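The annotation region 'Disordered' is assigned in Swiss-Prot to 1-32. Sequence annotations record features per position, and here Swiss-Prot assigns [4Fe-4S] cluster binding site to CYS469, CYS475, CYS514, CYS518 based on sequence analysis. Residues or ranges marked as siroheme binding site in Swiss-Prot: CYS518.
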Amino acid sequence: MDDHKPIDTPDGPAVDTPGIGAHRYEAPPTDRPITEAEAARAAGLAHNEHLKIASRYLRGGLADGLLKHATGAISEDDGQLVKFHGMYMQDDRDIRAERTKKKLEKAFSFMIRLRIAGGVVTPKQWLILDNIATTYAGNALRATTRQTFQYHGVIKSNLKRTMAAIDSALLDTIAACGDVNRNVMAATNPAQAGAHKAALQLAKDISDTLLPKTGAWREIWLDGERVVGGEDEAEVEPVYGKTYLPRKFKTVVAVPPSNEVDIFAHDLGFIAILDKKNRVTGWNVTVGGGMGMTHGETDTFPRTADVLGFVKPEDALKAAEAVMTVQRDWGNRKNRKNARLKYTIERFGLDAFRAEVEKRIGKKLEAPKPFTFENNGDRYGWVEGEDGRHHLTLYVPSGRIKDIDGGPQFLSGLRRIAEVHEGDFRLTGNQNVIIANVPAAKRAEIDALVDEYGLTRGASAIRRNSIACVALPTCGLALAESERYLPDLLTELEESLARHGLQDEPITIRSTGCPNGCARPFISEIGLVGRGPERYHLYLGAAFDGSRLSKLYREDVLASEIKDTLDPLFAAYAKDRQPGEHFGDFVIRAGFVAKTSNGPDFHERTGPLRAA
């Protein structure tokens with residue numbers, strides 16, 4: 001698609017400003033042609049828009065900033081651009097005050113996120129990633145909620161070495177963050193080998209098709225040759241243009257009956273429609289999901305995705321590009337808090353959005369096909385696939401792959417397994433690891449290593465269905481603890497649930513240190529969202545399969561009071577639930593909390609409707 005063609009929006013005709021998208025503006029009174037950055041400023045667009053325009057396809061001052069050895073940081077503007085390269089600049093907030101008192105610079109480091117479509121890596125790649133963790137990243141890998149790895153604590157002087165090592169594994173970090181299509185997730189259900197293969201291939205195809213084409217990543221991090229002339233034909237972004245997308249864009253591929261990728265929480269999704277032999281006949285397309293919001297600003301809200309229509313396999317890539325480019329052209333580039341696709345659809349309506357997608361695909365979407373999701377969790381332990389291969393899902397608390405004193409030796413154990421494993425590894429959207437494609441003859445050897453290193457095949461029902469974001473001390477947005485707090489809370493809740501005979505009842509619980517929603521707390525039956533030190537908003541009433549948003553139940557609950565707040569609800573659930581009724585459905589039916597229909601309704605009728 002031609003990113004330099006003016007495209008009309010439902011608001012009216014667009015001005016032909018290459019790369020800026022369909023935003024009207026008044027040119028300043030001058031005889032000379034205005035620059036693109038001036039046009040962006042004149043349009044009142046967000047700072048990031050003219051930052052992208054002036055970046056020379058995401059180069060900015062990054063190369064020069066890496067040479068400034070007197071600081072562990074990069075400039076604020078380059079801190080925005082480096083996200084497109086898969087990194088966030090962070091500092092250790094545990095020691096921030098101490099360093100400030102001593103008049104020292106913050107303890108800066110970088111979080112590096114990989115692009116691994118579908119979350120599949122080979123044993124050889126695992127060993128390289130393990131070596132990076134032990135050499136540059138504090139002896140830890142972190143499996144994320146979006147099916148990839150993150151490294152934390154990489155200092156600036158080690159960035160290029162780390163990137164070179166990642167490249168040696170035939171992996172990269174391009175577009176793992178930033179205003180682009182990010183890492184594409186795919187279903188990992190190993191029991192459906194054929195459907196998983198189709199889902200994984202679609203995820204890879206979307207990732208490759210929607211990948212930025214700039215050579216900046218290889219040039220800056222691997223000392224690759226710069227494209228002669230800077231902006232010749234090879235440097236034109238054929239899909240994105242110079243301003244890329246208004247905001248992040250997340251894509252997933254799901255295979256019913258499992259919704260472990262949380263398809264309704266993402267901008268774009270594809271739901272596999274299967275025949276009786278588990279073969280993919282096409283895909284339902286979902287659009288407009290997203291978790292992030294801002295405390296106290298009701299024009300920001302989480303939203304579950306709508307089902308847009310059905311496409312045949314040969315049209316799936318066209319649909320992906322069409323949806324993303326409509327968001328490119330219609331999305332809000334003036335206010336980043338309202339820039340995600342969910343707000344675009346709320347603003348223009350699903351029918352208008354569908355019509356534009358169909359126009360770009362060149363055909364009508366078919367009506368959605370029936371589908372059913374049963375849960376959004378993982379299947380733990382061994383599972384045999386249709387092809388006779390075996391797959392072992394391990395429970396990894398908060399996705400933190402490290403050796404724990406007196407506990408599981410995740411880093412060492414998985415390294416040892418990678419040395420003998422003949423299949424592959426798969427990450428799940430619930431931060432767990434699957435040792436996949438194990439021949440039957442190798443199961444005993446894998447089992448022995450799992451036992452030797454104390455790796456966990458499962459845990460309590462509520463712990464198995466828990467997710468936490470990183471939060472403190474590295475995330476600059478965190479208002480409260482999450483990963484370091486949730487395990488202790490789960491121990492308290494396990495005691496409470498056991499007292500009411502609910503210890504085997506699966507209940508989803510997720511915690512985030514801020515309302516950006518990285519752990520997708522607004523579609524968990526119990527959601528904790530940080531408000532301040534040891535204070536959380538408590539959300540209840542989401543669907544067990546991730547298809548319905550929760551509702552705010554209590555504001556600013558102290559961490560010490562969360563167990564006592566939930567205990568009466570557990571007691572009522574144990575006493576009055578119907579057969580097969582999940583906790584999130586029960587608290588709505590029993591009248592403890594209102595049901596959220598979607599989007600703007602999230603902020604309506606909040607609080608407990610009656611005492612527990």
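For all residues, glycine too, the Cβ spot is worked out from N, Cα and C.
Here the structure is a predicted model, which means the values were calculated and not measured.
Applying an 8 A CB threshold to same-chain residues 6+ apart, the list for CYS514 ([4Fe-4S] cluster binding site) reads ALA471, CYS475, LEU477, ALA478, LEU479, ALA480, VAL529, GLY530.
Comparing the binding-site residues CYS469, CYS475, CYS518 by how many other C-beta atoms lie within 10 angstroms of each C-beta, the top residue is CYS469. The [4Fe-4S] cluster site, placed at the center of the C-beta atoms of CYS469, CYS475, CYS514, CYS518, has further neighbours from the same chain whose C-beta lies within 8 angstroms: VAL470, ALA471, LEU477, ALA478, SER482, THR512, GLY513, ASN516, GLY517, ALA519.
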